[in-house]
Amino acid sequence: MTKEQASKLINDLRLKLNEWAKEYYVLDNPSVDDAEYDKTIHQLLDLENQFPELITSDSITQKVGGIVSDKFEKHTHKYPMLSLGDIFSWDEFINFNKQVAKVTGTENNEYTAELKIDGLSISLIYKDGVLQKGVTRGDGKVGENVTTNVKTIKSIPLSIPSKDEIEIRGEVFLGKKEFAKINEERLLNGDQLFANPRNAAAGTLRQLDSKIVAERNLDAYLYYYFNENNPINTQFDSINQIKNLGLKINKETKICKTLEEVKLYIEYYTEKRNELDYEIDGIVFKLNDKKLQEEVGYTAKTPKWAIAYKFPAEVKQTKLLDIFPTVGRTGKITYNAKLEPVQIAGTTVSAASLNNAEYIMAKDLRINSIVKVKKAGDIIPEVISAIKDEKFDLLPIWEKDVQCPACNELLEKTSTEVDQFCVNFNCPAQILRSLEHFASRGAANIVGLGGQTIKKLFEEKLITNIADIFKVEEHKENIINFEKFGEKSFENLIASIKESKNNSFEKTLFGLGIRHVGSKTALTLAQIYKNIDNLKNATYEELSSIDSVGEVLAMSIVDWFKIESNLQLINELKSFDVNFEYLGQAKNTESTISEKSFVITGTLSESRDYFKDIIELNNGKVIGSVSKKTDYVLAGENAGSKLTKAEELNVKVINEEEFFAILKGE
C-alpha cells in the first residue's frame, strides 16, 4: 500500500470512527456493535503504526474516547481519566505481560483482576466528608458535571467518614433486571428501546431531568481511590479503602499472583458471566503495586500497566426458517426472523427482529439459509450474516412484501424513511395495536384489558375503536362468558375503565397513538397547549419551533388532526368525560417527604425553585416562615434568621446532603 492510499484509508476510517464515537458517547445510540467498532479502530491503529508520519493529534487513536456534551457544566479532571488498551486473546495477554516485565524485571507480576462492567465511568469528589461532585469521563480531560443525577443513586453515599479531599472512580451501570424493566416500559410507551444496559445507564445518567434518573435504579461499583493525604500502596488496598469508606465495590475482584491464576480467572468468568446480575464485557487487569505502576508509566491515552481483556461475542449458527412481517399501531412494517432454536449467552433464541426490508437485503438473508446469530449486548438477539456456502446460491433471493399482511393494501415508503408503512387506517392489525396501546400502562392503564382480552373483544366485534372501550359495560353478558373472565373480573375492568377517564391529559394524548408522539413529547405538548382543542388548532410552524418536536413530528401531528375519523374519536371520548385538560404533574404521595413542610433558606448548590419542585413533586410543601409546625428547615450557607428561629423552636435543620438522604429513604 502506498502512502497516498494509506492516507485516504486513514482519513476514511477516522471519519467513520468519529461518527460512531458521537453516536456512542453523545447520543447514547450506537449504530454499530462493540465488535465492529473495535475491529475498525484496530485497523486504524495498524495503519498508523505502518505510517507513523500520518498520525495527527486529532486522530481518535490519540483520544481517550468520549466527547463532552454541551448539555452539562464542564469539569476539568485533576487527574486525567484515561481509557484502557484492549486485548482479545491469551497470547495478547502474554505479550502485554512481557512489556510490563521489561520494567519490573520479572514476568511473575501480581495483578488485580476486576470485572469490566458495561456502564459509564464516573468520578466522585468528596470534601469535608460530603459528596461535592459527580463527573463523567468525557474526553478524559474534561467531563460533565452530573452531580444532581449522581445523588439519586442509592449505592453512592452523600457523605463519607473522612474530611480529606478524596476522588473515587468507578462505573455506573444498570442491572439486567432493571434494564429489562426499563425497556419493557419504553416498549409500552412507544419509545425506542435501549440497545444494551450501557446505553441505558449512559442515557439515564446524562438526563436533564433528575426525576427520571431517580426512577431508574442505577447502581455503581467503585474501584479507584485518590487521596494525597493518604497514599495507597496497592490497587487492592485502594479497593479495600473504598469499601471502608462505605462505598460499593465488586466482590468478584481478586488478586492474581501468577499467570496461571490470571488464565483461570479469565476462563472462569468467560463461562460464568451470563450468570451475573449485571453485564460485563471483559476483565480489567491492573498491576497491583502502585510504585511499579508509575515506573511502567503511560501512553498519551492509556496506562501501560493495565489492560482490558475483552470477551468475544458468543456467535452461533442456526437455520433461518422464515422471514415474516408484522404491522405496528402506526402501520410500520417490521420484519422478523423465525430461527431454529439455539442456545446463546444462557438462553434459547428462536426469533429475532430484522428491522426493515433494507436491512435484510443489505445482508442478503435468505429463507432456509444458515445464519450467524449473536445477542447484541448479550441481551437482544441479532442476525449478523448468512453463511454463503455452495447451498446458499441455490436459495431464492428474498423479496420484500408489497402488500400489508393484515389487510392486503399496498405498502408505501417515503424517500426519507427506510421503513415501509400500511397507510390504511382501517387495517385490522393497526386497530388492534392501537387498542392495546391505548389500554397500556403508559397510557390509559386499564387493568384487566390486556392483549388477549382486547384481541377477543376485537374478534367478537365488541370493540372496533378506542371509544368503544368506554361502551364495554353494554356487553356484560357476552364478556362474563369469556374464558377466565367472570363477574368479579368484569366489575374490576369497568372500575378501571371509569378511573381512566380522569387520567392526565398527557397520558390520554400518548394513548391516541399519534405517530412519533412518545410519552415525553406528549407531556411537553400537554404543558404547552394545556388542552386538546389548543393542540388541534396548533399550526405546523408553531409545533416545529418547539425544541423537542421538530419538523417531522410537527407534520405528523398536523396530519393526524386533519383526519375526520380522529376528530370524531376525540368528540366521542369527550362525550364519555375523558379528560383532555392539563392538570399539572402528578405527585408522589408515597414519598418519604409526603405531606411534610419545608422552609428553604441560605445558599444551596441549586436554585430555590429546583428544591421547591422536588419537594412539591414528592407531595411535600414549601412554606415561607418557620413555626413549630414546620417539619424541616433546609439550610444552605449564610442561612440567617430562619435558621436561628428553627434552632429556637427545635425544628429539625438539615443540609442538602441530608435532604437527598431522606428523599432516598436512608
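Numbering starts at 1 and runs along the chain as displayed.
Even glycines carry a Cβ here, placed using N, Cα and C.
Here Swiss-Prot flags Lys116 as active site, N6-AMP-lysine intermediate, drawing on sequence analysis. Within 10 Å of the Cβ of Lys116 (active site, N6-AMP-lysine intermediate) there are 20 other Cβ atoms, across all protein chains. DSSP assigns Lys116 (active site, N6-AMP-lysine intermediate) to a strand in the three-state reduction.
Around Glu36 (NAD(+) binding site), no same-chain residue at least 6 positions away in sequence has a Cβ under 8 Å from its Cβ. Here Swiss-Prot flags Asp34, Ala35, Glu36, Tyr37, Asp38, Ser83, Leu84, Glu114, Arg137, Glu171, Lys286, Lys310 as NAD(+) binding site, drawing on sequence analysis.
What Swiss-Prot lists as Zn(2+) binding site is Cys404, Cys407, Cys422, Cys427. Counted within 10 Å of its Cβ, the other Cβ atoms near Cys407 (Zn(2+) binding site) come to 16, all protein chains included.
Confidence annotation: the domain 'BRCT' (588-666) carries a mean pLDDT of 85 in the model. Marked as domain 'BRCT' by Swiss-Prot on the basis of sequence analysis: 588-666.
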Worksheet item: C-alpha of Arg137 (NAD(+) binding site) to C-alpha of Lys116 (active site, N6-AMP-lysine intermediate): distance in Å?
Response: 16
Response to the item:
In all the protein chains shown, the tally of other Cβ atoms within 10 Å of the Cβ of Arg137 (NAD(+) binding site) is 24
Fill in: Whole-number Å value for how far Lys116 (active site, N6-AMP-lysine intermediate) lies from Lys286 (NAD(+) binding site) (Cα to Cα)
12
Discussion item. Using Cβ atoms only, which residues of the same chain lie under 8 Å from Cys404 (Zn(2+) binding site) while being at least 6 residues apart in sequence?
Written reply: Val327, Gly331, Ile333, Leu410, Leu411, Cys422, Asn424, Cys427, Ala429
Worksheet item: Which of the three DSSP-derived classes (helix, strand, coil) applies to Lys286 (NAD(+) binding site)?
Response: strand
Worksheet, complete the sentence: Simplified DSSP label at Cys422 (Zn(2+) binding site) comes out strand
Response to the item:
Top of the binding-site residues Asp38, Lys286, Cys427 by count of other CB atoms within 10 A is Lys286
Worksheet entry | Spatial separation of Leu84 (NAD(+) binding site) from Lys116 (active site, N6-AMP-lysine intermediate) - C-alpha basis, Å | 11
Discussion item. Other residues near the Zn(2+) site, CB within 8 A of the CB centroid of Cys404, Cys407, Cys422, Cys427?
Written reply: Val327, Gly331, Pro405, Ala406, Asn408, Glu409, Leu411, Asn424, Pro428, Ala429, Gln430
